[in-house]
Amino acid sequence: MRCAGSVEIVNKHGNPEEQESPPEARTLAPKRSGEADPSILSAAITVATVVLLISIGLVVFEADLHLLMAGALLIVSVSAMSFARRTPEDIVRAMAQGIWEAKGALVIFVLIGALIAALMASGTVATLIDAGLRLIQPGWFLPAALVLCCLMSIATGTAWGTAGTAGVVLMGIGAASGLPLPLVAGVVVSGACFGDKMSPISDTTNLAAMAARTGLYQHIRSMLMTTGPTFVLVLIAYGLAGRHFGAKVIPADDVQVFSDAIGATYVLGWVTLLPLAVMVGLSLLRVDARMSMAVTILVAGGVAMLVQHVAVGDWLQALWRPAGVDTGVEVLDGLFGRGGVTSMWWTLMLSLEALALGGVLSRFGYVRVLIHGMLGAIRRVGSLVSATIIGALLCNIGMGEAYMSIILGGQLFREKYEEMGIDSAVLSRSLEEGATLTTPLIPWTTAGIFFAATLGVPTLNFLPYAWLNLLNPLVGIAFAYLGWGLWRRRKTPLNAMA
């Protein structure tokens with residue numbers, strides 16, 4: 001448990017540890033005379049109003065999420081002054097403390113943008129795409145497509161970019177091979193979301209770790225305990241499905257167009273995979289996420305200059321804002337032009353607003369009151385994990401965005417996990433299983449709309465075939481009830497039945 005006057009940060013191994021709060025945060029004493037926690041009714045009304053504001057704003061008016069978050073901050077601030085009897089100074093300090101507690105994750109968001117640009121400039125992503133397309137064989141098209149999408153989304157940290165490039169190519173190949181398009185689309189969505197969920201440079205991966213206040217690599221290791229077995233099952237299932245439906249010989253021309261465009265733009269070869277190998281190696285050694293990203297950026301810079309012959313000035317500019325790439329293929333241009341620090345402003349600003357909102361909700365008792373009122377009856381770990389995953393799914397259905405589902409889920413459930421002695425990495429993985437994996441399966445979410453438009457298959461048509469997205473949350477719930485893959489705080493395995 002955290003003691004008063006301290007906050008949780010990430011240590012050199014990517015795990016939480018204690019650190020003294022800033023002076024302005026330490027001035028937040030427990031409760032002074034005249035101050036009180038809000039009632040269950042007022043807390044419920046406040047949170048429900050915030051959820052309705054964001055849901056209606058996104059779904060009905062298609063308003064910008066940042067503007068809606070600012071409105072949510074205003075609502076919660078007025079509520080805190082009215083129901084919790086707090087002053088404006090108290091509210092500002094609570095916002096500052098909420099942001100301060102996740103300062104390490106905010107630095108990671110900036111590094112992610114630079115790292116993606118560095119991997120693009122070094123040719124790492126180009127080599128992965130080219131190799132994947134050349135290795136695909138007709139009899140193993142579906143499992144090979146799954147692995148290709150997984151590798152690409154892990155390397156780039158984006159499910160959307162994977163679907164918009166490799167996914168488009170695979171849909172064309174699948175159609176020419178005589179496979180059902182909804183099945184191929186389901187494979188693409190499964191692979192893209194797996195990598196997006198597991199990649200250390202994915203925004204949702206870092207957001208979930210930040211929301212649960214756990215270390216990045218601890219979060220990823222926790223996800224492997226449920227996602228790893230699920231991936232193996234899904235890989236086998238797609239292999240059997242491919243054999244069942246059969247496939248004609250894949251037309252070489254479809255692959256060659258992309259391979260020629262990539263080969264004309266980048267120098268390809270194993271040396272371009274060096275940055276990725278360095279990042280994986282440092283991750284296995286449990287080097288601090290920020291340090292491993294910084295080292296990988298430097299290694300990728302060396303490869304870009306020595307192998308791709310990128311000028312130093314151009315490489316530095318790309319880290320900030322890439323100038324763009326002209327391969328002659330539009331979908332490839334969109335992918336290889338990604339990255340840069342400026343590409344993370346949207347996520348970074350949203351995170352700052354969400355952290356400030358969480359600071360007010362948590363510090364002034366809203367979360368505590370709701371947890372005791374709504375989750376007080378939960379006594380089993382299986383029930384808690386189920387509530388987390390289902391709650392994130394319902395947030396996706398209501399608000400149409402995985403970002404807000406992860407953020408609100410972390411704020412609502414974090415204290416309950418602490419109370420039951422469950423490691424926060426179990427919370428972070430449950431948030432991803434309920435939010436990241438389900439958002440592409442809901443037709444009115446931004447992800448559902450994007451995948452349907454990009455792959456040319458309606459959401460409800462590919463939904464039955466996105467087996468990893470469907471199975472992983474169920475595996476997470478089943479493991480929780482069986483007591484498998486659960487950690488006590490400080491990573492002691494739970495031996496008792498959940």
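Heads up, the Cβ atoms here are built off N, Cα and C, so glycines get one too.
Here's what TrEMBL has on this protein:
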type     : residues : note
REGION   : 9-33     : region 'Disordered'
TRANSMEM : 40-60    : transmembrane segment
TRANSMEM : 67-84    : transmembrane segment
TRANSMEM : 104-128  : transmembrane segment
TRANSMEM : 140-160  : transmembrane segment
DOMAIN   : 191-484  : domain 'Na+/H+ antiporter NhaC-like C-terminal'
TRANSMEM : 223-241  : transmembrane segment
TRANSMEM : 261-285  : transmembrane segment
TRANSMEM : 292-312  : transmembrane segment
TRANSMEM : 344-366  : transmembrane segment
TRANSMEM : 378-399  : transmembrane segment
TRANSMEM : 465-487  : transmembrane segment
Over the span of the domain 'Na+/H+ antiporter NhaC-like C-terminal' (191-484), how high is the average pLDDT in this prediction?
86
For the transmembrane segment (344-366), find every same-chain residue at least 6 residues outside the stretch whose CB is under 8 Å from a CB in it, and list them.
28, 37-38, 43, 46-47, 50, 65-66, 69-70, 72-73, 76-77, 79-80, 84, 86, 90-91, 94-99, 101-102, 105-106, 109-110, 112-113, 203, 207, 210-211, 403-404, 407, 410-411, 414-415
Cβ-based contact of the transmembrane segment (292-312) with the transmembrane segment (104-128), 3 or more pairs under 8 Å:
yes
Result, the transmembrane segment (378-399) in contact with the transmembrane segment (223-241) (3+ CB pairs under 8 Å):
no
Pairs of Cβ atoms less than 8 Å apart decide it: which stretch in 40-60, 104-128, 140-160, 261-285, 465-487 has the most with the transmembrane segment (67-84)?
40-60
